[in-house]
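Written below as structure tokens is the structure these notes are about.
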Amino acid sequence: MARVYNFSAGPAVLPEEVLKEAADEMLDYKGCGMSVMEMSHRSKMFQQIIDEAEQDIRDLMGIPDNYKVLFLQGGASQQFAAVPMNLKKNGKAAYIVTGQWAKKAAAEAEKYLEVQRVASSADKTFSYIPDCSDLDIDDDVDYVYICENNTIYGTKYHELPNTKGHTLVADVSSCFLSEPVDVSKYGVIYGGVQKNVGPAGVVIAIIREDLIPEEVDSTVPTMLQWKTQADAGSLYNTPPCYGIYICGKVFKWIKKMGGLDAMKKRNEEKAKILYDFLDNSKLFKGTVVPKDRSLMNVPFVTGDADLDAKFVAEAKAAGLENLKGHRTVGGMRASIYNAMPIEGVKALVEFMEKFEKENA
Ligand code: PLP
């Protein structure tokens, strides 16, 4: 069966090369006679896999030496709790609410500390990023939290907020490795890998070492203390071995493609094709303020729910899958992560043109 163009927001399309290589190695990884899935996480071979993966992501993102790279589990959602649990000192944090995921993170944090919601774009269905140049942030907050790319609404911070010297924590689940990033501007960067980086089940957290506390409240579960995994090189317990192995392959694929500068260029090119079409269409309309548009998630509507449903169904029949918008917003959303080929975006736009002619 031919592969479809998969516009899922996550789990999402992965590079075909990576999948093929993994398939070739499925029964016998590098002559050891077993799959990585069957391998002890304490073996030399797996240690090499995780070490190489860490080195490759360090190279790609230019991660400074004073940052730890942790391969974790529990989804990005578990870090919604781990972040306040580990960073709590004064017991207060500032959250910028730009969508469901930031909202959920703030609600979770509120179980452990006082949350100040210093800005929000809820007034316009999260269709923009609020001005974060001069936020009213208390001096004693432990950190400022953002969701850098809002998967559901298709917005992205193209400029980081002015945290007024406070530690910046960012959930980058849906923009991980999609463009170059200056890691030194963040205290913590984390994300689930199931969009741009690998299969569901792995969370990567990049944490400045001085933010990993020696001691936390005694009620914090051992597995949620960053120090537990930082001291153990992400091997305190059995890690998601196969997922880490695939992430490692994706890192090598990105390196081969030319690194994050090349990824950005490729992603800009793809997104431009779709946004240019939306800006000129009489039927389809993008839902995001142009200056805050994401390169990764592109939501759009016709304005008629029945027509939207027809579009999604006909697109699926044409091999363009998973274009239905998030259940909380409706309409359509095309997620065009790193691994989506430019041909996929062109095929989508061609289909939209045809649909527009037939349904105008
Ligand atoms: N943060 C963002 C930006 C997301 O898009 C998602 C999931 O789509 C999550 C967090 C939740 O991730 P997980 O399902 O890994 O907990």
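Just so it is clear, glycine is given a Cβ too, placed from its N, Cα and C backbone atoms.
DSSP classifies ARG42 (L-glutamate binding site) as coil under the three-state reduction. Sequence annotations record features per position, and here TrEMBL assigns L-glutamate binding site to ARG42.
Note on THR151 (pyridoxal 5'-phosphate binding site): other Cβ atoms within 10 Å of its Cβ, all shown chains, come to 24. Marked as pyridoxal 5'-phosphate binding site by TrEMBL: ALA76, SER77, TRP101, THR151, ASP171, GLN194, ASN237, THR238.
The annotation domain 'Aminotransferase class V' is assigned in TrEMBL to 4-348. Computed over the domain 'Aminotransferase class V' (4-348), the whole-number mean pLDDT of the model equals 97.
On its own chain, LYS195 (N6-(pyridoxal phosphate)lysine) has ALA9, GLY10, PRO11, ALA12, THR151, SER173, SER174, PHE176, MET296, SER335, TYR337 as residues at least 6 apart in sequence with a Cβ closer than 8 Å to its own Cβ. Taken from TrEMBL, the feature N6-(pyridoxal phosphate)lysine applies to LYS195.
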Where the distance is taken from Cα to Cα, which of the binding-site residues ALA76, TRP101, ASP171, GLN194, ASN237 turns out closest to ARG42 (L-glutamate binding site)?
ASN237
Using Cβ atoms only, which residues of the same chain lie under 8 Å from TRP101 (pyridoxal 5'-phosphate binding site) while being at least 6 residues apart in sequence?
ALA76, CYS147, ASN150, THR151, ILE152, ASP171, SER173
How many other Cβ atoms sit within 10 Å of the Cβ of ARG42 (L-glutamate binding site)?
9
For a Cβ distance below 6 Å to any atom of ligand 1, name the recorded positions from LYS195, ASN237, THR238 that qualify, or say none.
none
For a quick check of packing: other C-beta atoms within 10 Å of the C-beta of GLN194 (pyridoxal 5'-phosphate binding site), how many?
24
